[in-house]
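Before any comments, here is the structure.
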Amino acid sequence: MSSMLLSTIPQVSSSLSESYCLTLLSVQTKSKKTLARPGVKNVVLVEGVRTPFLLSGTTGLLQRTGLPKDAVDYIIYGTVIQEVKTTSILRHNINQRTLGAGFSDKIPAHTVTMACISSNQAMTSGVGLIAAGQCDSIVAGGVEFMSDVPIRHSRKMRKTMLSLSRAKTLGQRLGLIGSIRMAHLSPELPAVAEFSTAETMGHSADRLAAAFGVSRVEQDEFAVRSHTLAKKAQDAGLLQDVISFKVPGRDIVSKDNGIRVSSMEQMGKLKAAFIKPHGTVTAANSSFLTDGASAVLIMSEEKALAMGYKPKAYLRDFVYVSQDPKDQLLLGPTYGTPKVLERAGLTMSDIDVFEFHEAFAGQIMANLKAMDSDWFGQTYLGKKSKVGTPPMEKFNLWGGSLSLGHPFGATGCRLVTTVAHRLQKEGGQYGLLAACAAGGQGHAMVIEAYPQ
Amino acid sequence: MSVLVSLNGRRRIYEVKGDVAVVRINDPNSKVNTLSIQMQKEMAEVMDEVWANDAVKSAVLISSKPGCFIAGADINMIQSCNSADEVTTLSQEGQKMFERIEKSPKPIVAAINGSCLGGGLEFAIACQYRIATKSKKTVLGTPEVMLGLLPGAGGTQRLPKMVGLPSAFDMMLTGRNIRADKAKKMGLVNQLVDPLGPGLKSPEERTIDYLEEVAIEYARGIVNKKIPIRKEKEIQDYVMSFEFVRNQIYKTVHSKVMKQSKGLYPAPLKIIECVKTGVEQGPVAGYLSESQNFGQLARTSESGALIGLYHGQVACKKNHYGVPQREVKTLAILGAGLMGAGVAQVTVDKGVHTVLKDTTVSGLARGEQQVYKGLNDKTKKRNITSFQRDSILSGLTGQLDYSGFEKVDMVIEAVFEDIHIKHAVLKEVEAVVSPHCIFASNTSALPIKDIAAASKRPDKVIGMHYFSPVDKMQLLEIITTDQTSKDTTASAVAVGLKQGKVIIVVGDGPGFYTTRCLAPMLAEAVRVLQEGVDPKKLDALTTSFGFPVGAATLADEVGIDVAAHVAEDLGKAFGSRFGGGNVEVLKTMVDLGFKGRKSGKGCYIYQPGLKTKEVNPDIGDVLEQFRMTPNPAVSSDSDVQYRLVSRFVNEAVLCLQEGILKNPLEGDIGAVFGLGFPPCLGGPFRFVDSFGADKLVEKMRRFEAVYGNQFTPCQLLLDHAKDSSKKFHK
């Protein structure tokens, strides 16, 4: 596991003309000028980086920060499938990674887990610590090693092994060893399945797509859109959060290697992956699980400015939601979006940049249809009418989890960083990100551009 | 292209989607679809159109009703026939229609969501392909045997071919419901579809639409030869090709049926006969045997009795007392014994917050463990997931005090059967609960009005008599006093229905209805034992009459101490009519620790892990002390049987005469579902109707001459004996 530090944090530039700022504000017709609230600390995103999301191989976290070695108060990491040797003892792990690069061994750290929104939880926990005045600067991130997940012995075998370590005599040991049968030896493989329903996520996504009448073609088209936009963004050099990473024993990897623009015909050839044979979710219209790591540096605004950083964005209101893990497993964005907008006092039209986690093309389409349905809004969201859908010309314009990949724990930071970068690039003021997660949970956050 | 053709009654609509005809079944007059004459006629018309329509290449058969494909044949249609021949003709018409479906030149896909039973299943298996939803409501089965009938529209002929002889026999002889995933494994359905959650429509509606979409896809696939409809030959088919293997199966199944039914039920034997004829002599003989046997069975008294019970069960699963003002959201149970914990289990698993209160930590722990075990057994059988089990258990609160009782809507007490303890508990409860709270007593014999005498709110006091084991026994006997309010009754019935019970509501009195009928029969059983009949022989005599559990075993199950208690109490209340056997026999057994199954010894010895049970050797000495000399004039096997049964029946009729029972129907349901009265006889009242009140009175007079007033027929029974046109059931 290698470690890297970041070198290029943009310093505050004072060269912006006031007149430019004024023109910028005058074109905006937002319902609010800013989401800053009296008495609430402004929390800013200083920088966000990630490794390329890799289809295979191992990975490491990289950080792009010219931070003084003792300036970070706390480190929080999100991860889903914990392998003790690679991620779980994160304090140790992070230090291993960061000590050489200059992080102090005096910085406490912990891991959080909340399925696909683990790094969102890491960031919002950090926001909480800053807002509460406990910390001023936090490194939050997410890391996933799908290529090295722990595989457990069966419960019977674990029991036997534990008893074996307590056995005192040779006779007891032999007796225990003799009790081992074939059934003991089959391992428990981790599955992307719901604890409460034992249904795999792809299966649930297929049912969700069917419930909202999302066709196979719609799903394939959305997947192709994701790959096409990702390719464009990659070619245009927009994915500036990606930093090169040397895979031990192999070459340096400096870009996401899952982006594959296919024709609709190629997409159509694939067989259903979960509900066979009549399902609509295929390998090509699902996000793929990868190794990957991402990190953000978040600070209180004063601290960032005092240290001479040029923040990228404000992290504003956020919500977590939860609903039925069986039939509404992946509808988090539908529940989270109206709730966070309401909290921020914004409407759908105020948002310039939307970034939704693309777990499955069918899941995104189902969420869009749910947000566009009066019946769903009235029956399940307690609204008078539909929530309304994000306009596609503002939606996931640099690709998404379908094309870039989805390392469970690391996707959240990518979403935040992408929203911040897109706001800068496109000149918008407000961005909204939303994601669904196992257990029927969801998350949404409003991000405000930092005045340029 | 989409054409809507509505037919007379608008029962079925067929719509053409592309080149697939979608035939929707929807009986406008009922919650469920049943195969009636009208429906068969309409179906034939629709299918003729489908076959004649050149634009149509295949068809999908689907129900528009959520939770029901076709629930079976219309029972009334069979019952309204006047002769066996008429029923045979009905059967043959059904056979012909399904034969046309089977031979359809255009493939027909049955899209099944909800119950697909009896005639509905026979319809589905005549189709070329079956797709079923994995919904919990989707069940397939041939329950005809439970009505004393057989699958009479080709079921006995097609099922063995489809699922093999052993599975076909299992389905038809047990009548059990098969869930979709099991049906797929058996080869009964070809494909499964997952039920959907909410989308742009409600989950139920959208699931039906989705099933239809998928079925249309498959129908096209079959036409395009992309989807095979012939099943592959399996090893089982090869094994079954040997005649000696098949003969061995017929023999085994026959002996099993004889052992379990004692030959009292003709339907299972006829089912075996029909299957055998079809397999061994070919379809012509098979179908003929099926239709003829169907006609004969429909006219048997056994079938009449079973159908009567079915109707009764339906009637006793309704709340005739209106909607209660308040829904019971929190229910508290006092006493975590076998009964209390059983009631807790059937309540908490329906999502009602349940408080289980006991006075000791060990008692409470035992009760909670019982609930856990009950639910865990369901997990092992995969009826529920371990997550559901844990989530259900989170609704159960165990406690030793009355904290939080102000939020309780109903209290059911299951404490020791002693009026003083019941009074004490009632007063404690009324001191802490809110005024709307109902107090129900799960007593098996103490009159409710005596318990209510200690109450400040007697209108809120009611009896709820459960049967052990509560999670297995279907009956709930609700007892109302003159003071019990209608709303209290409505609420108790609503709770019982939620618990899944079949409910009878009876008047108050010692032993109410069920205990009162059982007590004289058990008193007679004790006398029979005292007269030197061995417990095993006594059990054989009762089971061969049709009781599922023998009288001696029943006493052990109920508990000898409980039986002694009840016999004494009711003996005091009703006098010598409840005599017969000496109560001291039971009391002596209790003193020796022979309390029945729960103490390991009673009439029999019970050893954990052992299925066979031996007669308790020490019981001989007890019986010797109380030995009576049998009178040979009334001691033949048959006489002993009728001595036991006539006392039961006479007491039941007396309950109706006295107004304890509101009607004979509830009397029959209570006796069969609560006490195991022979189902083939349909209950005490139907038994009097079919056996003849006059013949029964005649037997009773003969016993009366020897034993006295215990056998004196009651007035109502005498009335029926005098006038043979008087029947309890029309």
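Every residue gets a Cβ built from N, Cα and C, even glycine.
Feature annotation from TrEMBL assigns domain 'Thiolase N-terminal' to A:59-302. Marked as active site, acyl-thioester intermediate by TrEMBL: A:CYS116. Feature annotation from TrEMBL assigns domain 'Thiolase C-terminal' to A:309-448. As annotated by TrEMBL, active site, proton acceptor applies to A:HIS406, A:CYS436.
Here the CA atom of the residue listed as 'active site, acyl-thioester intermediate' lies 7 Å from the CA atom of A:CYS436 (active site, proton acceptor). Every protein chain considered, the tally of other Cβ atoms within 10 Å of the Cβ of A:CYS116 (active site, acyl-thioester intermediate) stands at 33. Per-class residue totals from DSSP over the domain 'Thiolase C-terminal' (A:309-448), listed helix then strand then coil: 63 helix, 35 strand, 42 coil. Around A:HIS406 (active site, proton acceptor), the same-chain residues six or more apart in sequence whose CB sits under 8 Å from its CB are A:PHE53, A:CYS116, A:SER287, A:PHE288, A:LEU289, A:THR290, A:HIS357, A:GLU358, A:ALA359, listed in sequence order.
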